[in-house]
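J.: Handing you a structure now.
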Amino acid sequence: MTMRTALDIERCDLNIKGNHSNHHTELFGEKRLVVRRGQPFSIVLHLTSSNKEFKVGETNFMFDVETGTPLLQPCTHPQASTVDTEWSASAATDASGRTVTVSISSSPKAPIGVYTLTLDQLGQKTSLGQFTLLFNAWCPDDAVYMKSEEKRKEYVLAQHGLVYRGSHKRIKGKPWNFGQFEPGIVDICLKILDNNPKFVSDADKDVSSRSDPIYVTRALSAMINSNDDQGVLVGEWAEFSDGTHPGLWMGSGEILRQWAESGPVRYGQCWVFAAVACTVSRALGIPCRVVTNFGSAHDTNANLVIERFYDENGDRISGDDSIWNFHVWVDSWMTRPDLGSKFDGWQTSDPTPQETSDGVFCCGPASLCAIKEGEVGLKYDTPFIFAEVNFLFFCSKTRLYPRRIESTKSVGRFISTKAVGANERRDITHQYKYPEGSKEEREVYERAQHRNMLLQRGEKPGLHLKIKLAENMIVGSSFEVYALLTNNCMDTRNCKLIFYARAVSYNGKIGDLCGFSSDNLEVPSGEERRLSLKLEYQRYEPAITSDLLIQVSAITFDKETVDFQKAEKTIVLDEPDIGIKLVGEARVNQPVTVELTLLNPLPEPLLSCSFAIDGIGLTGSKPITATYVKLSNEAAKASIEFKPTVAGSSVLLVNFDSDKLKNIKNFTDVVVEE
């Protein structure tokens, strides 16, 4: 039944507090309405006193919901995307008939973004406001639906996390503030999509495609780096003088705000790219986790073989393939209707610019199931990620010695992410690959044969070379490492053993020499010989980067058979701990002091020292830095005052920087009382 006169609306209450509680969006604050798709939200229409009593069933009106207007830009396509017909609404009134509560149900397949809500009464339109619609991990009909409430809390709602770095022998969890609910961040995340070249070329198609988390995740993979566009981060692995060293960042919020104000931010490396991608994904409602792969292969020519070439001194002479000590990317949770339900679940994408995909520096999303099963023909970029984590082979050749094919188990080890609900590491290697040497692993390789013929690994009698590291290897100390050569042959072998150390960056880039030793050894059958290498601080300090990594390599040449063996290990120098002590209780809008202490492990003074602290709801929108630091011969100390603004549990991140020790981090839990 069509109404004869239009309702006269006094005001519209978007019921932000109640809707946010129902939609798990309370942390966005109460300044704007943010809801998740596929789930009803309610608004309240307050009618003027001149209206006749509203009666359900006797008055009809219609709501228009529209999206497609680019944020912070003029609206060139106001009708760019009118959502599908799965939306619905129902109304109820109170006893007075002057208040109408309208329940609006959005489609679980609606595009995410900012929507305008308009009341249409026989052509008379009244604007009721705007709301932001996100993906919904709580809705069974949404493509990102996740059954476990604990996992939803971790992968959608958690604003703090750990990003794992180091080597597989010394895995270190570094704290990171994702801060997806900080003021303005969700708008910046949507602005990233509006800067996507696909939006610029065809706004209608791009906005409509934002209903698909596969499309959004692939777009973010391209837009978090700035290689092809005005994306968020500039990658750099050498010179940082005209920007911020990647190790100094403590959270995503500062990076995203800086990008929104002035464009691409200098600089990021893989863990920064991944952490920012995780923030944006969680802000948009896509469950996401940060993943670290220790021993990550970078196969530049897609032949599933890592090729290395050495001269007679053991120095690499060519080859673009590499194995990174670690590499960090993200997994996002969603269905894959384009591949089939078997491939639903976690999908890997990598925003670090390494190789192009469809002409753009992006990677993924690739199904973890496809990666594990060797289904390298499935999109997107499955062969590249398969090669990053799988048991590869590499060719080592020299100018003087014959070709040798070796196998390595150093690829795809201890794949790590933060555990659900705990500040602990969870090993997820089994989700990416079958156990080495298992029947399933062999079957996976057979499915991947069209990329290359993988060789089976076989142990043979001969010389065996390995490296033994010291127990305590803290930066500033001097220590010894050993090359151990065992002869499993039936006769004595005469060998030359070369043992050396070079600085190395986390991405595998080799730096300067910082230690060398060699000897001619006679090794009887069944016996072992060792060669020591002393690494002195005065020699390795000028060579190492802020990654604190040293690669030690041993090579032995059998003078009779002209065969050789090579062993490598990466040393992660231990960092000193930062002592954190809160003075008094933390209360809302009351200043509280944190005392910070770092014991200097170096045999020389530290200069240009500074501490910085950062915490969501603790320090405001930017870290607080203390550049005046009390120094003694043994310690650097500082006291920093901050004023919490939000009650509840939070995490205070601390960073120490100086001329000799850089990017030392720690964190502590803070409970803020009202």
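For all residues, glycine too, the Cβ spot is worked out from N, Cα and C.
What TrEMBL shows for this protein is this:
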type	residues	note
ACT_SITE	Cys270	active site
ACT_SITE	His327	active site
ACT_SITE	Asp350	active site
DOMAIN	262-353	domain 'Transglutaminase-like'
J.: Distance between Cys270 (active site) and His327 (active site) at the Cα atoms, whole Å?
T.: 6
J.: Counting across all protein chains shown, how many other Cβ atoms sit within 10 Å of the Cβ of His327 (active site)?
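T.: 26, counting other Cβ atoms within 10 Å of His327 (active site).
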J.: Using C-alpha atoms only, work out the spacing between Asp350 (active site) and His327 (active site) and round it to an integer in Å.
T.: 10
J.: How many other Cβ atoms sit within 10 Å of the Cβ of Cys270 (active site)?
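T.: Here the count is 27.
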J.: So for Asp350 (active site), how many other CB atoms are inside 10 Å of its CB?
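T.: Here the count is 31.
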J.: For the domain 'Transglutaminase-like' (262-353), what's the mean pLDDT in this predicted model?
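T.: So the average pLDDT across the domain 'Transglutaminase-like' (262-353) works out to 83.
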